[in-house]
């Protein structure tokens, strides 16, 4: 099989990206390229930074706050910390030289603010890294029965954490975050299930009556205990300032918001569900960390599963702290991004030095929640409360002079400062008082020996080379394993609670990730399984990033909406790319004469658009989806134009879209070189258009809004999950220049996109989904009237654009692996995505009662290994020759597949 029609060409990155790169701390042209992190990996890094320590400490805090107070604290602090993370990220992207929270402090307060904030930032991360080392130490102790192993284990934990943190790039440790997150999540879930299967908490008296201590609203709680509990919950999701150095290593820093929303939504939901269940079943007998709440045997199981997660948690905090110091020392020197002795010596010195300090703190304050609460009160209160308020006031300094609503917003953000002062003073006082009480009550400083278990056990004794015993690992006996199985078998009695929690987390947070991004359960085939086609690539600078195609059967011209692969990742509002300064400047409709070969390609023309105004008179299009139709003497095209908005006064480009649907016309001659602009359609119903289709039964057109009315911001980010998408219709029968448009969909959709109207059944409309459901919705369409659901064609793949050949068969581009598609957006010239082609047709004579409306599906082609095909968003079938044409929204090439007889 021939892979390439033309040798692969590397296209230089346009100059328009240079300014964006120059303003960044890390450039992409250094010897060591640090900017390698996409937003999905960033969200996992954020998730692992936040998740481990928080979920292990919150159940203890609920003992002081009660179920109601604890739940309100989890939700309230989760929302607050999410918002302040957005404030910090927005400020950083407005001031791109800022690499850390300390750089931001200098921007608003000068050198003294930078040094103070930098010191607090380092101390906070060291304390959190210390909590990770402490968690690993406790975990190793749970597996050990040696009476003097605590200090030895803390040394082992520190060495492992320091070694893991010494990888230089977030991308390198980001690979470990998936394993780390899953391990700690499963470990916590084991404890959640285990505590619900026990007759009484493991730490409660073995016999007789006991007080569970579960309170909705407790009484008699001291100020110190209450503020420590609140600080512990606050700090469980407050390490968002640690997100900021990651932005400097993101391929597209403007994707930061998406990563934050994904991370913090999952974290808050998990914290609330897990902590309430553990507190409900353990009450005042909950352990700190919570992995020890189900007794010794389950504690060993949980720590065995979650140990890698605790290691990676401490590693991430230490890495971020070391990266901050590293950049401070070597910034603006050649050693920052060159593999010199100074570079490596500085980096390893930072990780080892700060790691030793973290270990010392873990040894000095060996109570998990106190260590976290101290970090929250002393460090995160100024960093995550006071400073974000200050940052917002700095960027909105004139709001107090404007409308009442602006003044209210200004006053609201000003309140962040006294709130932070209160928790700084009150929280630190409370933590210090509780630590003093813990020493007085021998909770700190007592014998750390493990409880000895009865033999026989499987015992491993670890010796130093001198034959000195270092420590002993003791594994469960057969009886203890039987106990584990017995406890797990009781899930049928109490497990529905835990199952419900898991189901909710899966449904609202994990299902789409597993289904869309990972592609679990799909049998993706290599292209060699489809010998009926011989495929080749066509590499041409004008035939890249072709989002959509349409075939004129009469004139034998294939029209393509092409752009620039590199620019697609900067500006494409439909997929959350909002960097208007990086938009492509060469989008064009290409007319390819498919019966006129040119080597292994075909002759084509780039169609000009004389007289089209564009943005600020630049005459440029920003193409997404489009469609066409043939009239008696011309070809009419409707194009989705994702142009950026402009400021009404200054005419400066805005990082928000002003999307329109443009009507063009050209004659049927294959010598035509231009399109005549007919009209620009703007309407309140046309909000986030993805694609458009001429009606076959009326004077109008249908269009999909893939994000509904969520043009940008938070609602835009979550729209594919929440089903904001809709379908609209514009009626041109009364006025082609001023149409009546309205939403006609009978329900909401998850990213509806490349719709198609049927050539053989004029009132039939096909709408695919590129996100969750997979498959195609089939509607009965009747102009401006609401769509009537006809049937649903199940196809277990997310689908992009649809096309119909002259025989009436539908062809769809499928997405086998969403992670690969996202990777192709991040690095379109080097990262390819697998693709699938589906053929859909209706069986002749099938009635309305037929299964799936009588529609049949066939996987016509698939390229699992990315050998030839692009990560396709459109496939066109030329029924005359049997040839397939495939293009992808970011692909630097198109593909042609000839039917083999």
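For all residues, glycine too, the Cβ spot is worked out from N, Cα and C.
Per TrEMBL, the feature domain 'Amino acid transporter transmembrane' maps to 36-432. The transmembrane segment feature in TrEMBL is assigned to 45-68, 74-91, 112-138, 150-168, 175-196, 216-247, 259-281, 301-320, 341-361, 367-393, 414-432.
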Contact yes or no, the transmembrane segment (216-247) and the transmembrane segment (341-361), 3+ Cβ pairs under 8 Å, gap 6+: no
Intrachain neighbours beyond the transmembrane segment (74-91), with Cβ under 8 angstroms and 6 or more residues off its ends: 58, 98, 101, 104, 107, 230, 233-234, 236-238, 240-241, 243-244, 247, 256-257, 260-261, 264-265, 267-268, 271-272, 275, 384-385, 387-388, 391-392, 394-395, 416
Of 45-68, 112-138, 367-393, whichever stretch has the most CB pairs under 8 A to the transmembrane segment (341-361): 112-138
Range from 45-68, 112-138, 150-168, 301-320, 367-393 with the greatest count of C-beta pairs under 8 A to the transmembrane segment (175-196): 301-320
Closest-packing stretch to the transmembrane segment (112-138), where packing means Cβ pairs under 8 Å, from 259-281, 301-320, 367-393: 367-393
